[in-house]
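Asker: I have a structure here, written as structure tokens, and I will follow up with some questions on it.
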Amino acid sequence: MATIGDLRASTERDVAVTTADAVFLLPGVAASALVYAAYLSTHPLPSYGAGLFHAMAAAVSSHGYLPPETVPGYTADGVPFAYPPLAIYALAVVQDATGVDGLTLARVLPGLVSTLAVVPTYFLSRALLDTRMQAALATVLAATSPPVLQWHLSAGGVVRAPAYLFLLTGLYAGVLLFGERTRSWLWPAAGLFGLTMLTHPLYAAAFGLSYLWLYVALDRTVGGLRDGAIVAGGGVGLASPWLVTVATTHGLGPFTAAAGTHGGIGGRLVDLLSGRGVASVLFSTLGSGTGSPAGQFVLWVWLALVIAAFAYTLLARGVLLPGWFLVIGATLWKGRFAFLLGAVVTAFATTHGLPRLLDRLGNVQRPDRVRPEQIGVAVAVLLAVTSTAIGGLYAAGAIQTHPGNPSQPQYVDESDVEAMEALERTTGPDAEFVVLGDAAEWFPYLANRTILTSHWGVEWRGADEFTRQFSLQRRISHCPTAACITKQLRANGIEPDYLYVPTEPYTVNGVVYRPPPGRIGGLVADDRYRPVYVNDGVVVLAVGRRGNASASSAPDSSMPRLWPSPA
């Protein structure tokens, strides 16, 4: 059976799945489990946000599992329920069946699914590489890479991790379908494409683009073209009930609107070719900031090593993997996909290329009894252990992605949860808030109240509105003074009933912001605002209209009034 990674000269090898694969699968599972344990032990609450996903699930449940037209709470008008529904409905079922709160589910479920995703990662690597040891190393590297952890282990992994699982399994099916002409995977591939479409649009795009490349690189026959069309048609057919429902309820606008946000397909390539933010484009694959000099150095070293690995793979095995990386990079440029392919080529270059390099370097002194292959194995083990350690530190929040900014930050803490629960009990259901910082993402779900500034879910209304809301939320969250907050509210015509202000450092788009100490005092001194609630980390202020802070926005009498009256 030909090595499908080599498009120029075939080599005989066996890719059949046997019980031996269970042994080589264990390192990846163990590494993933260790990283997951590090995350759970250091995060009493989930990192990043999934409030919108849980709000969607709650809306589905409250509508008797019929699709709601909108999801309330995120802006005054809510956002269209146009998101792929599979994971949302599954989340609603789990919440209704178990009664477990959303924060706990967002903390626990992503890691479980991410660990399960190790299985298709291994078999995909096994289908692309020569040996099980190479596949085992690639699996460990992929499962512990920070960009994969950032998006799949964190709270949003309640949706993204299942999409990643479907994508990986579908890519394995595609490699066998186009590379080995194993047509028994045809209909499973179509089903997996449909499931991916029904879970997350970005992963569906990665699925489709990868299949186009696999056909070009491995097949290029009429039969392969037919099979690709069947996969595409079958997937769209499976997703058609959702597509038709959204189109009849909202029109095609949500699909075209969302496609124009978050860079869109090919947006990063346009930025790169035009010279806009070249460093940002290059390093955005890592999914993290590069604010610290040490972090920049590590990223440059990583980039150089991966480029070398891709160059070696191109020479030794042809264009399949390097071309795949370029296709995904030029269109999507997401670290979670780039690191997956980077892990595969790194494993290949380490175990295949390094021994050959050492063999050719005649001037390298080594003990006579040590063969180059043994050095390659030792380096592979060291690489796997190092990657697992880095992944564990990243998951635990022990790595700074910016100076003073830990990896995997929590959007909300115990003070936020306490405040939001109190606000749900003590304010009217029509109360409207402006919430500073990333806690706003969780607020409509946890407090069951509306926020007026929010970009979450607004991409379904269009790129312009998404950009406006994103910029507004960012500007007001970075306001250093009460005057700045008032100016932003007035300039944008926003009249909330309450202002929710963290008193401790908080994150804005995942980056820690430390407000100056005088901001709260300035708000208290302004007669437009009246403090009505405070705890260890949050102050909530009633916002008066036209300078009257005792207007109808006053809270329910049971609202805790812990803030001392100003002298």
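Each residue, glycine too, has its Cβ placed from N, Cα and C.
TrEMBL does not curate its annotations; it predicts them automatically.
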Asker: Given the ranges 104-123, 124-143, which one is assigned the annotation transmembrane segment in TrEMBL?
Answerer: 104-123
Asker: Of the ranges 248-267, 348-367, 548-567, which one does TrEMBL flag as region 'Disordered'?
Answerer: 548-567
Asker: Please identify the stretch among 22-40, 104-123, 190-216, 337-355 with the greatest number of Cβ pairs below 8 Å relative to the transmembrane segment (375-396).
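Answerer: Between the candidates 22-40, 104-123, 190-216, 337-355, the best contact partner of the transmembrane segment (375-396) is 22-40.
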Asker: In the same chain, which residue numbers or ranges, 6 or more beyond the ends of the transmembrane segment (190-216), come under 8 angstroms Cβ to Cβ?
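Answerer: Distant contacts of the transmembrane segment (190-216): 84-87, 159-160, 162-164, 166-167, 169-171, 173-175, 177-179, 224-225, 228, 230-239, 242, 258-259, 262, 265, 323-324, 327-328, 331-332, 334, 337.
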Asker: For the transmembrane segment (337-355), could you work out the same-chain residues 6 or more beyond its ends whose Cβ comes under 8 Å from its Cβ atoms?
Answerer: 5, 121, 125, 128-131, 133-135, 137-139, 141-142, 145-148, 168, 206, 285, 305-306, 308-310, 312-313, 316-317, 321-322, 324-325, 328-329, 371-373, 375-377, 379-380, 383
Asker: Give the nonlocal contacts of the transmembrane segment (22-40) in its own chain as ranges (CB under 8 Å, at least six residues past its ends).
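Answerer: Same-chain residues near the transmembrane segment (22-40) but 6 or more away: 47, 107-108, 111-112, 114-115, 118-119, 121-122, 132-133, 135-137, 139-140, 143-144, 149, 153, 384, 387-388, 391-393, 395-396, 408.
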